[in-house]
Amino acid sequence: MRTNYCGLIDVQYLDQTVILYGWVHRRRDHGGVIFVDLRDREGLVQVVCDPDNPTAFQVAEKIRNEFVVRITGRVRHRPPGTVNPNLISGEIEVLVSSIDILNASLTPPFLMDDESLSEATRLEHRYLDLRRPQMQENLRLRYKVAMAVRLFLDQHGFIDVETPMLTKSTPEGARDYLVPSRVNTGHFFALPQSPQLFKQLLMVSGFDRYYQITKCFRDEDLRADRQPEFTQIDIETSFLNESQIMQMMERMICTVFKSVRNIDLPTPFPRLTHGEAMSKYGSDKPDMRVSLVLTELTDVMQEVEFKVFREAALRTGGRVAALRVPGGGALSRKEIDDYTGFVAIYGAKGLAYIKVNALEKGMDGLQSPILKFLPENVIQIVLERTGAKDGDLIFFGADKAQVVNEALGALRAKVGHDRGLAESGWKPLWVVDFPMFERDEEENRWKALHHPFTSPAEGHEDLLETDPEKALSKAYDMVLNGSEIGGGSVRIHRQEVQSKVFRALNIGADEANEKFGFLLEALQYGAPPHGGIAFGLDRIVAMMAGAESIREVIAFPKTQRAQCLLTHAPSTVGEKQLRELHIKLRHA
């Protein structure tokens, strides 16, 4: 039986006999002696095979990288000059008395410490990739975060309740993954996008405080921070208002960061309304490490000669805004062109700018292709509002407000980090007072900004029917360093209010009853006031790990094409299986 993990042996075990199991990380022959770096999940230890022990030495001559071995030996000091201060085991080595090969290995397609691997290679051989120390550390970190969450919630009276994985397809924003029913011909289950409705029903059932760390599924286009299946820390509670829920969740996140990473998040988290966030930062998840802000200019551009600005300022739902970049006057033409290409990703048709060379020279101290289209008094207002100084550069966005916000909001974050205008550390905040609805221009109707079960703000219930555009909600998002790590709301607990929301969303009574009849009925049986939040576990762990993608903290992730390169899922299935499910494929 193993006595120790390789990476945890240190000088306290000197002269003790240990039994180790692990993988051969590297084998070296030096001066007639064989050295083996033996690796397990805790790290490395140096093992020495001396020719004075011919039986063990003969076995050691056969081993290669990634062989699985059992080693018995005595712990001793490393010779002077060979200490490795980067390892816990760096002061000692194990002199082998016996060695057994438990399994051989093919030559691996890459070394475990190779940092230049393509992601495709890593995902194709994920079982080998996961042997690498960084991946071991990432998954250990994930475990610690989940345990810290469970401990906090247990201490605060929450109970873990599992909800169904096979459920009903309901409109929640993204496409569902559908599962055909064999026994109910023509009917389909859906994999849950979240446990939203079930956790609300648990509140109706009187469980008071619920949580679950669970898989959720969304069939949507993938980005670095998205997966078709992801893990959610799902939380719901009764009889707490939004402020009380936010305070408790703030304590939970602070506790998790402190216990897992010894990070003290600054408290209390500032609160920013959705309107302020979009106006000043162009984003509902602003990175507060970046000091740059947007400046509103719509009101002063309505009569200017420059057509792009004037038309955006006059159109309904249009916006003209500026972003001042301190020291940005040093940007080259190529750098500006690169930023122009960057904002094009977000729908911007161009990126006008003014370089501020010398304010004391008036118009002669400015440099821009658009100066001739703007009157001097308007330019003066721009300089005053943005607080421009010599050496600055001012970028402009003019289009539909959504395009301007997305383009300048993303540019703000990128320029801030590119130009050293971002602080280090952690900057959390709450974004609150979200609109209830947003306009779906393609379908010409309102859709829920979060989900249709979010409660309207106090005094906004009547607006659901009279002026939906102005209705605010009791929704709140927790944002950290520009990433939304959690989102929640107080829910609707009265059936008549839920019906009003459905009507505002153009969901008729028959459709509402077909899709949500069970919820509407449950709300009539003494549903308590309740609310909750859901955190993205993958995203939180990735941020703690400093990973560029959540794929780095998921054991077996999918690619951005929603494929598993290891198992080659999704795959075709046999005709017999399709017949059993009453499915016939139509080939395009």
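In case you wondered, yes, glycine gets a Cβ from its N, Cα and C as well.
Take the ATP site that Swiss-Prot assigns to R218, D219, E220, E484, G536, L537, D538, R539: the candidate from Q212, Q227 listed for it is Q227.
Between the listed ranges 196-199, 420-423, 532-535, Swiss-Prot ties the annotation region 'Aspartate' to 196-199. Residue counts for the region 'Aspartate' (196-199) by DSSP state, with H, G and I taken as helix and E and B as strand, are 4 helix, 0 strand, 0 coil. Sequence-distant contacts of the region 'Aspartate' (196-199) (same chain, at least 6 residues past either end, Cβ-Cβ under 8 Å): 163-164, 167, 170, 172, 210, 212, 234, 236, 451, 453, 516, 518-519, 532. Rounded to a whole value, the Cα-Cα separation of H30 (site 'Important for tRNA non-discrimination') and G81 (site 'Important for tRNA non-discrimination') is 15 Å. Between the alpha carbons (Cα) of H450 (L-aspartate binding site) and L537 (ATP binding site) lies a span of roughly 19 Å.
Spacing of R218 (L-aspartate binding site) relative to E484 (ATP binding site) is 17 Å (Cα to Cα, whole number). Across the residues the record lists as binding ATP (R218, D219, E220, Q227, E484, G536, L537, D538, R539), the two Cα atoms farthest apart are 20 Å from each other.
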